[in-house]
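Enquirer: Below is a structure I'd like to ask you about.
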Amino acid sequence: MFGNLLTKIFGSRNDRTLKQLGKVVVKINALEAEYEKLSDEELKAKTAEFKARLEKGESLNELMAEAFATVREASKRVFEMRHFDVQLMGGMVLDSNRIAEMRTGEGKTLTATLPAYLNALTGKGVHVITVNDYLARRDAENNRPLFEFLGMSVGVNVAGLSHADKKAAYDADITYGTNNEFGFDYLRDNMAFSPNDRVQRPLHYALIDEVDSILIDEARTPLIISGAAEDSSELYMRVNKLIPSLIRQEKEDTEEFVGEGDYSIDEKARQVHMTERGQEKVEQLLTEAGLLAEGDSLYSAANISLLHHVNAALRAHTLFEKDVDYVVQNNEVVIVDEHTGRTMPGRRWSEGLHQAVEAKEGVRIQNENQTLASITFQNYFRLYEKLAGMTGTADTEAFEFQHIYGLDTVVVPTNRPMVRKDMPDLVYLTAREKYQAIIADIKDCRERGQPVLVGTVSIEQSELLSRLLNQDKIPHQVLNAKFHEKEAEIVAQAGRSGAVTVATNMAGRGTDIVLGGNWKSEIEALENPSEADIARIRADWEVRHNAVVEAGGLHILGTERHESRRIDNQLRGRSGRQGDPGSSRFYLSMEDNLMRIFASERVANMMKKLGMEEGEAIEHPWVTRAIENAQRKVEARNFDIRKQLLEFDDVANDQRQVVYAQRNELMDAESIEETIKNIQADVVDGVISQYIPPQSVEELWDVPGLEDRLAKEFGLQLPVQEWLDKEDDLHEETLRERIVDTWRQAYEAKEQMVGTPVLRQFEKAVMLQTLDGLWKEHLAAMDHLRQGIHLRGYAQKNPKQEYKRESFELFQQMLETLKHDVIAILSKVQVQAQSDVDEMEARRREEEARIQREYQHAEAESMASDNSELADMASHVPVVRDGEKVGRNDPCPCGSGKKYKQCHGKLT
């Protein structure tokens, strides 16, 4: 109450921010008259002037007002569109490492031109990131004339480009592209073997459109580049046949309750658990199928792989539904994005889940994958020097943006007041009654000529609704993952009088629904439209537009509440753009997933108190509040999962940064001769110490073992015993020095034989190839460690601390193995000439081409093993924003406490 009083007196933090931005808007508006008088050439010359002033030491902040005034004036001349004051405010928010919440239809695409131009003046590149290829191409082409007028180049980064085209896209001043492509390019660059193979410049400024979709919805999903592993498709098929024999029970076994079923499903945690009875039944079925030895246990160490197959098959059958989580297209299982309803071709679930779903659907089972490189969007975007984003719905997730990314959210006011009517939810007892009410509402709207957009949460639901509409002979368009090629076209005309559009979730986001239909798309459909054609189409549209406004604007119908309030707000936000009229209502039933899993008891009790009967709907603020509380619970749980994932991935991220930094230094170095000499001395000294312990008596020495090891691993035939027999005064220190010197002489002889340039190139190739192989094995080891780490909680240990400790030990082992393997290869391999190095490089490229790389998203829940347990066991540690380059004198990111140059920076 006291806080509300202070807010009324001083205004909210958002109000105070807008007040500050308003002062800069006044400055920009004051420049407008002066800039209108400039010729085109004088306006274009402003870009060179700004760049020169930056070089002399002025900051972007000092240039902002003039740069924004320049873009506004250029936009008036090129597009005949003038940036509103609220768009200038949005541009300022985006330039200051913040998130701008701007409502649908407020011109986010045009707003983005302001900070994109300003930050491109530095010459370091600007990345404008969208959710799909269509929007990236559309926005780039739409804004290209404006940027080119101002002397800025524009690139588009989408999948399928050649290396040269990608390089050109990244070298442009402003690059549009998708989040996936930018992330994968980063991983590919860090797998390159030559500096020329890299495409990205250092990551400077990212401006993310639909930032909530990318930084929140996709945050649990790591990007993975993987190669094919061993083929086990037959095993997936055989295990798949056993699952239909298992029976589900309603709840998990406890001390008080032991059920009759074989497994139970925890819908909240999206997990499936086998009962003891189920384990015995599965073991019996596996024995009968010849997959498990008589009397053997599924849980013995030798059968871990088989247990993995059983778990994957059980999850595929119980948790993943066709036309909800995936569709089958062209004999392939294609994942459906739960947040947008779009299909994601080329993406695959990890840990054998995708293969289990393929076996369930009877399509061709593709090989399992082995991770070659991976990163989460959370960690990729934190690598940028500057980060900003815009969306129509960010305020509900403001805490997460601040906590994870250090980004404040500013709600930018609309240009015209919002007049959409958001009506309370209607709740029915059954789904059948709910759909009857939805059909009745649609009929009512059609009679009045009011367009309707119906939002569903799955393809299955949209197809059910489509069948019901067909039964009632109501013409409509369906927009879901199966037909998204027609997406923009359908969305463009969804505002016509009486139009009914059924959209899965928020497919079609990014395209405005214009009341009366989109007249521009009608003009584009004509080959050579004349002035008369354009005037006629505009006049027809004016009549249609006014009729739709008269009917009440676009009516939004939600068939179910989403887990997140933000997704519901996105659906509502399609109506009421730029002061247009509109309305929205959600229809719910007690059989909906959210109600059934999270809100059923409380709402059911309310319904009983209110005396509800079949066919009746309840419309009460209590119910709406109860549903929103249920959504808050789910949002908080999902935030916890994302936070836990980030804390675990931060451990891998620190190691990733060390490895990638070393890799890039090795690749950019002219020669790594000094590095090889340093690690050679370490390795040989370490090997000697195993057989001749430091400061030990001669009786403890294992000289034959040392001679044998040096010969087998390093190709060094040294008469160590002979030296000791002949020289009584040969001490341990002197012996060490002699062995190291002899190795160096042998290596120098090899250098003289093949030539210095050839050997230097060979050293680099061996170092990079060995590092890549060991890093790949290390990622697999980290995956295995993470999957079982939550069990440490039962031993009263903190899983997070244990993970940090063990992953650090694994990393240390990897670096020691790297040193040893590199020296062993360089010592033993006989390089005759340049052709040998070329042959090695050719073999590497052939191997690279043979490994069919998959670009995939690991399935979210599997990434943290059992997130619900993990969230309870792990302590909540604040996440620190990172991504800075590690200096040689900085503390090493691995957590050892040493300086980087004395720890993991040693290699470079």
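Positions of Cβ are set from backbone N, Cα and C atoms, glycine also.
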Enquirer: Of the residue ranges 558-584, 882-908, which one carries the region 'Disordered' annotation in Swiss-Prot?
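Expert: Going through 558-584, 882-908 one by one, Swiss-Prot gives region 'Disordered' for 882-908.
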Enquirer: For the ATP site (Gln87, Gly105, Glu106, Gly107, Lys108, Thr109, Asp512), what does the 8 A shell look like? I mean other same-chain residues with CB within 8 A of the CB centroid.
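Expert: Leaving out the recorded residues gives Met102, Thr104, Leu110, Thr111.
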Enquirer: Looking at the binding-site residues Gln87, Thr109, which one has the fewest other Cβ atoms within 10 Å of its own Cβ?
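Expert: Counting other Cβ atoms within 10 Å of each of the binding-site residues Gln87, Thr109, the minimum falls on Thr109.
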Enquirer: So if I draw a 10 Å sphere around the Cβ of Asp512 (ATP binding site), how many other Cβ atoms end up inside it?
Expert: 17
Enquirer: When DSSP states are folded down to helix, strand and coil, where does Gln87 (ATP binding site) land?
Expert: helix
Enquirer: What does DSSP assign Lys108 (ATP binding site), in three states?
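Expert: Reduced to three states, the DSSP call for Lys108 (ATP binding site) is helix.
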Enquirer: At a 10 Å cut-off from the C-beta of Gly105 (ATP binding site), count the other C-beta atoms across all protein chains.
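Expert: I get 21 for this one.
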Enquirer: Return the residues near Gly107 (ATP binding site), defined as same-chain residues 6+ apart in sequence whose C-beta is under 8 angstroms from its C-beta, sorted by sequence, else 'none'.
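Expert: When sequence neighbours closer than 6 are ignored, Gly107 (ATP binding site) has His83, Phe84, Gln87 within Cβ distance under 8 Å.
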